[in-house]
Amino acid sequence: MAFLKLTEQNVQGKTVLIRADMNVPFKDGKISDDTRIRASLASVKYCLDNGASVIVMTHLGRPTEGEFHPEDDVAPVAAHLGGLLGKDVKVLNDWRENKPALNAGDVVMLQNVRINKGEKKNDLELGKAYASLCDVFVNDAFGTAHRAQASTEAVAQAAPVACAGVLMAGELDALGKALKQPARPMVAIVAGSKVSTKLTILESLADKVDQLIVGGGIANTFLLAEGKAIGKSLAEHDLVEESKKIMAKMAAKGGSVPLPTDVVVAKAFAADAEAVVKDIADVAEDEMILDIGPKSAAALADLLKAADTVVWNGPVGVFEFDQFAGGTKALTEAIAQSKAFSIAGGGDTLAAIAKFGVTDQIGYISTGGGAFLEFLEGKELPAVAALEKRGE
């Protein structure tokens, strides 16, 4: 992927506009998790350390375009960013009428981009208005890279220079390494409740990987495709044929979709449900599969330890309940111990990594939910395509 990087730009004496993803959650009016703000600090600090002034823009929540309500205000985000930087970060509400006059070292924030008319429709005039504020535009919002919007795509077309921020460049380099020229053997884990939501990812990865591990409700549908009885487990009967095709595709190239031979079942989906380990052939009609069994977990762990590239999206069991967390824990630890380059993404996956305390042992943890999935599907990400075009 050919794109310019912020860290290769001379920003001395320039105004840099950074599109960040600081869409943080709030609880009782306070920021409850500042991970996204902290993730954006590297680009802001690079600019400040190299003599630039910085304008940050982000979206927050899902406001109605053209309307402004108190809950849409980015002021708490600006205040938090200021606290982390040790600076006063002012919010600019009327930046179109009053273009800011900034000095090196200044940091300001534009009001929530999603209240601007034309933002979601990728309005070119709005993109030009953003671009008119800066000498250099930086996209550091990988989490929104799959959306063509004025603050991610149109602005990149119109700005004097458009480049990828530290976070964005890191994401793209890691994803490129994992998917464009992977070291082999390559293993992917795709898990979740439904095949339907991950079907295009499964099909796309089946072309690339040597082993395709499936988990959760997805694995149940594949077990059905193998003719196994799964009791009252969550599955999609209408996607059994698609599952058979994916298994045939993997087998034809000497790979496989290794399915569990033993499972952990319960009579109910509940935190206090009794967990029973069973051979896959012994699952009763009134039982549901909520995790893979210890034999299956050990076999899959061996596959992961022997891999050179691992792409991971989704836990293989209901890991929120400890009695059904064994499979996900075993695979998480195997990935952490493996010599493979590993990349993980998706909210549940990140929660599992945090729960089992291996955050520092995963090669790369992607910050983009939808963008990560669309990259796995092989789709073009509009905001990235815009950067690549400007990098030519």
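Each position is counted from 1, following the chain as shown.
Positions of Cβ are set from backbone N, Cα and C atoms, glycine also.
Note that the structure is a prediction, hence the values are computed from the model and not measured.
Within E171, E226, E320, the residue that Swiss-Prot lists together with K198, G346, G347, D348, T349 for binding ATP is E320. Annotation: D21 carries the greatest number of neighbouring Cβ atoms among the binding-site residues D21, E320, D348 [cut-off 10 Å, Cβ to Cβ]. Counting every protein chain shown, the number of other Cβ atoms lying within 10 Å of the Cβ of G347 (ATP binding site) is 9. Using Cα positions, the member of the binding-site residues N23, H59, G61 nearest to T349 (ATP binding site) is identified as N23. Of the listed binding-site residues, namely G61, G346, the sparsest Cβ surroundings within 10 Å are found at G61. D348 (ATP binding site) sits 20 Å from G61 (substrate binding site), taking the C-alpha atoms as the reference points. R114 (substrate binding site) falls within a helical segment according to DSSP. Working note on the binding-site residues H59, K198: by count of other C-beta atoms within 10 Å of each C-beta, H59 ranks first.
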